[in-house]
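Record features, source TrEMBL:
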type    : residues : note
DOMAIN  : 7-120    : domain 'Response regulatory'
DOMAIN  : 136-201  : domain 'HTH luxR-type'
MOD_RES : 56       : 4-aspartylphosphate
């Protein structure tokens with residue numbers, strides 16, 4: 001059964017390795033796209049879906065670590081490194097840069113499948129959080145300038161009267177702003193509003 005809307009990208013200059021990995025992954029329901037160089041992958045426009053990258057360490061042109069650094073600067077995608085021989089310094093560097101794992105050829109099939117599942121789960125989680133963060137920011141940006149002044153005062157624990165004094169407006173006006181803020185931020189309680197403000201670093 002194909003896992004819809006999920007993609008595994010493979011970058012390996014050895015076509016036979018790429019095809020072998022692709023066959024394994026496709027047999028387990030994964031959609032796969034193969035690239036034979038880091039340059040080719042970096043110029044490719046990634047699909048808007050959860051994905052991971054299986055990346056060969058040693059390749060002509062850009063090596064795996066260089067590709068990883070370029071990816072980190074452009075877009076976030078979980079990386080699984082594969083290499084023909086153990087390379088502790090490179091593996092340490094790769095892991096520090098956020099690689100999911102570092103596997104040695106010939107790759108253990110179950111280890112690779114587990115890594116891919118973990119990597120795509122991680123990417124799915126990151127993408128979900130990014131969408132949630134964008135939605136939260138959009139709600140915050142829907143507030144009026146005055147409501148944006150009132151919000152941080154309230155979540156810091158100021159009473160309506162204190163916030164009114166701080167801003168030079170009436171307590172009733174603060175109450176109105178507070179109601180509008182709760183509605184626009186889609187907060188069902190003041191505790192929820194405080195959590196949302198914390199995510200926006202407004203405290």
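From the backbone N, Cα and C atoms, a Cβ is placed for every residue, glycine too.
Keep in mind that TrEMBL annotations are predicted by a computer and have not been checked by a curator.
Because the structure is a prediction, the values reported are computed rather than measured.
The helix, strand and coil residue counts that DSSP assigns across the domain 'Response regulatory' (7-120) are 50 helix, 26 strand, 38 coil.
A 10 Å cutoff on Cβ-Cβ distances gives residue 56 (4-aspartylphosphate) a total of 24 other Cβ atoms nearby, all chains included.
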